[in-house]
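So the structure is just underneath, and the comments pick up after that.
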Amino acid sequence: MLAGSDGILQIQFNNPKLAQFIGIISLNFILFSGGMETRWASVKPIIRQGVALSTLGVLFTAVTLGFFVWYVTNHWFDLNFTLLESLLLGAIVSSTDAAAVFSILRSKSLGLKDNLRPTLEFESGSNDPMANVLTITFLTLVLLPDQNIWELVFMFFKQIILGGLLGFVFGKISHRIFNKINLSFEGLYPVLAIALMFGTFSATEALGGNGFLAIYVCAVYLGNQNFIHKGSVLKMFDGLAWLMQIVLFLTLGLLVEPSAIIPLAGIGLLISLFLMMFARPISVFISTMPFKMTFARRSYISWVGLRGAVPIVFATYPLLAGIEQASVIFNIVFFISVSSVLIQGTTLSVVAKWLGVATEETCENIDNPADALISEHPKAVMNEFLIAEGSHLINKKIFELDFPKDAIIAMIKRDDKYVTPNGSTIIQANDNLVILSENQKVFDAINKRLSLRLVEN
């Protein structure tokens with residue numbers, strides 16, 4: 001903003017189409033990185049709550065805030081928004097921002113009880129597609145008030161269902177490609193991941209699905225599989241996600257004119273406070289009613305309703321469509337996003353302690369030892385094999401196994417604990433052997449020679 005048209009450097013940037021393009025590219029990287037780092041074991045216990053928050057929660061937020069905006073713009077402020085324009089604004093800011101939630105929770109290394117952290121990260125990663133579909137739906141109704149509502153309902157379900165299904169399909173395809181293709185240089189595997197990410201988004205959008213949902217589902221699936229050079233890919237996407245957040249905020253900051261925001265500060269602050277204190281809590285409490293959750297847990301989820309760059313990207317849609325209130329909506333959304341990050345983002349630790357949902361010590365993101373291994377051996381492929389009851393390998397020592405020379409048993413998972421093996425370690429029933437090799441074909445030989453069963457993630 002300081003470098004923009006009203007700032008010190010006077011850089012003239014008034015290209016919402018380019019800003020939207022940069023925003024969509026950035027969101028691809030941010031969502032893909034967040035999905036790759038999502039552990040299914042952490043998400044599985046809260047999957048139903050997360051889905052409820054990312055669908056019903058977003059819908060309730062959009063509708064509640066939309067009616068409030070319609071009332072205040074017609075009775076307290078002379079802006080005269082129509083109901084559809086108000087609902088459009090509500091839809092634009094209805095989702096929690098993945099970029100803001102991922103970066104703030106992880107930078108603070110905040111330890112949270114009751115699976116709160118995976119709930120918040122899963123919701124923020126999966127609710128942008130819902131907000132995107134609602135934004136497009138209400139924008140269509142503003143432009144074409146006579147549009148057949150059933151066509152919009154069909155489009156809504158088509159985008160969500162196709163997005164989820166195609167994301168899963170492309171995730172499986174991507175996993176297979178990674179383990180089958182043989183590239184000469186390690187640095188090409190992250191490039192391959194980027195190509196697969198954009199391919200997933202583009203193909204899903206072309207087929208009528210939601211590309212944002214597809215890349216998130218694809219990334220969650222891929223991140224929970226073992227594939228060659230996984231460590232290198234994860235590290236690169238983590239760095240690129242941070243870079244894209246910087247690029248995204250810089251671009252949107254240039255697009256904003258502070259002189260146009262200041263006159264809207266009053267209504268912007270009012271709408272922002274209503275969203276934080278009423279609309280978000282109402283949507284959280286209603287959407288999680290079927291689940292057993294403490295009041296403190298629901299309250300903290302309500303407070304971590306961070307709005308960041310994503311709503312500002314969605315606010316460029318009305319600008320490009322050329323609706324009457326587009327610039328006012330964009331400036332109000334920008335004010336809401338900035339105030340949300342400043343107020344909610346800086347008080348996450350304080351509110352967590354006040355509600356009693358913070359752990360005594362902050363968590364340090366200690367990796368699973370198996371994940372650490374794959375990071376230390378970036379050229380390796382890792383798989384787990386189960387020693388089933390009745391296996392002929394039980395009670396044998398490792399050196400007695402007819403084991404391929406180009407593979408190693410890096411560790412043994414036994415009773416949910418990891419054992420570092422040596423040649424004299426005795427194999428027991430229900431052991432999971434964590435095996436590393438630089439060649440996927442070695443695992444086929446292990447299967448054939450030792451009759452082991454591959455453990456699916």
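Glycine is no exception: its Cβ is also placed from the backbone N, Cα and C atoms.
Some features that TrEMBL has for this protein:
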DOMAIN    370-451  domain 'RCK C-terminal'
TRANSMEM  18-38  transmembrane segment
TRANSMEM  50-71  transmembrane segment
TRANSMEM  150-171  transmembrane segment
TRANSMEM  183-201  transmembrane segment
TRANSMEM  207-224  transmembrane segment
TRANSMEM  236-255  transmembrane segment
TRANSMEM  261-279  transmembrane segment
TRANSMEM  300-320  transmembrane segment
TRANSMEM  326-343  transmembrane segment
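Residues 98-99, 102, 118, 121-122, 124-125, 128, 197-198, 201, 211-212, 215-220, 222-224, 233-234, 237-238, 240-241, 243-245, 247-248, 251-252, 254-255, 309-310, 312-313, 316-317, 320 of the same chain lie 6 or more positions beyond the ends of the transmembrane segment (18-38) yet place their CB under 8 Å from a CB of it. Here the transmembrane segment (300-320) has Cβ contacts under 8 Å with residues 16-17, 19-20, 23-24, 26-27, 53, 61, 88, 91-93, 95-101, 104-105, 112, 116, 119-120, 123-124, 128, 131-132, 135-136, 139, 142, 245, 248-249, 252, 255, 275-276, 280-281, 284-285, 288, 326-327, 329-330, 333-334, 336-337, 340-341, 344-345, 347-348, 351-352, 355, 357 of the same chain, all six or more residues outside its ends. Remark: secondary structure over the domain 'RCK C-terminal' (370-451) totals 20 helix, 25 strand, 37 coil, with classes taken from DSSP. Contact count against the transmembrane segment (261-279) (Cβ pairs under 8 Å) is highest for 326-343, out of 150-171, 207-224, 236-255, 326-343. The list of residues near the transmembrane segment (326-343) in space but at least 6 beyond its ends in sequence, with Cβ under 8 angstroms from a Cβ of it, reads 79, 85, 88-89, 92-93, 97, 100, 104, 252, 256-257, 260-261, 264-265, 267-269, 271-272, 275-276, 305-309, 311-312, 314-316, 318-319. As a whole-number mean, the pLDDT of the domain 'RCK C-terminal' (370-451) in this prediction is 76. Long-range contacts of the transmembrane segment (236-255) within its own chain (CB-CB distance under 8 A, at least 6 residues past either end) are made by residues 1, 3-4, 11, 13-16, 18-19, 22-23, 25-27, 29-30, 32-34, 36-37, 99, 102-103, 190, 193, 309, 312-313, 316, 334.
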